[in-house]
Ligand SMILES: [Zn+2]
Ligand SMILES: [Zn+2]
Ligand SMILES: [Zn+2]
């Protein structure tokens, strides 16, 4: 038996000890809570995994994405006139469009303008929310999930996101573009038809600022300005082999050491590049395929769970030390008062235990990743 297989067996045994069928704690002799620091953001998270947790203890989707839709789906083929004219359309090998990019009908960021706030009195500042807000319709099918996309679709989606980021990077008023996918009402989706969103905003958000500081802090602690926090994460996690959920030649998905939520994953391309849209196309496509597998594993363990895909890429107009990556954040619980008040996350499942379940999804069971809908209208 290989080293990795032995480790995996030991981890399973540990998990079995903790998890009894009644859900009560067995074999745990004392508090095992631990504070771990997220080196990207500098924030501490609490891993409080003493309580026995099973996949079925976590919430699957129950809310309808569209409780009562009033008209036809604007993203379905045949309804193209219901959206503003497409910014880009990508055809498939079998004819018809595979991906459409359209401006959001109700943009959060729109138009031109600089980040020069007008001061109102001694206290208040305001500025026009300039930028771009675009929707990337992920396919002609009304129902679906990223886990179900074939290779061609993954490639087309990756190409579309890359080309939109190139376009945003050419706009002086867009400082940063956040690409996201919300799946399920609990994760913020308001239209059922699978889609991504790109929000080009006129400033660099604090979350990205914090991560940029994290890269600088790590390099300075290592006394090497060239050393990369996420390249190091890859080599450390692959060597430790305790939190690697999936790995191939293009990318690695880990349950981060500092996971703030159960089954959280971080997908890191092996090729170092600060930005998604300047990374080699083959690397980008590989990352897309690995993300698909990671979501697939999530569904195998948790069933029909809502999630957010958050793509982090470097700001457009700064030369920075960064390594683009993707956060996969399942919505298994809501933030409570302590977490809202302090920003300190309490995670009831250690990433090591999550990895055991995610890498052994067939044993854990649960429904196949069919993209089935629960309580969804239309
Ligand atoms: Zn539709
Ligand atoms: Zn790197
Ligand atoms: Zn990030």
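Each residue's number is its place along the chain shown, starting with 1.
Cβ coordinates come from backbone N, Cα and C, glycine included.
Nobody curates TrEMBL annotations by hand; they come from automatic prediction.
Record note: TrEMBL gives 73, 76, 142 as Zn(2+)-binding, and the candidate from 168, 193, 195 in that site is 193. Other than 73, 76, 142, 193, the residues of this chain whose Cβ falls within 8 Å of the Cβ centroid of the Zn(2+) site are, in sequence order, 72, 74, 75, 79, 141, 191, 192. Under DSSP, residue 142 (Zn(2+) binding site) is assigned to coil, being neither helix nor strand in the three-state scheme.
With all protein chains in the displayed structure included, the most crowded Cβ environment within 10 Å among the binding-site residues 73, 76 is that of 73.
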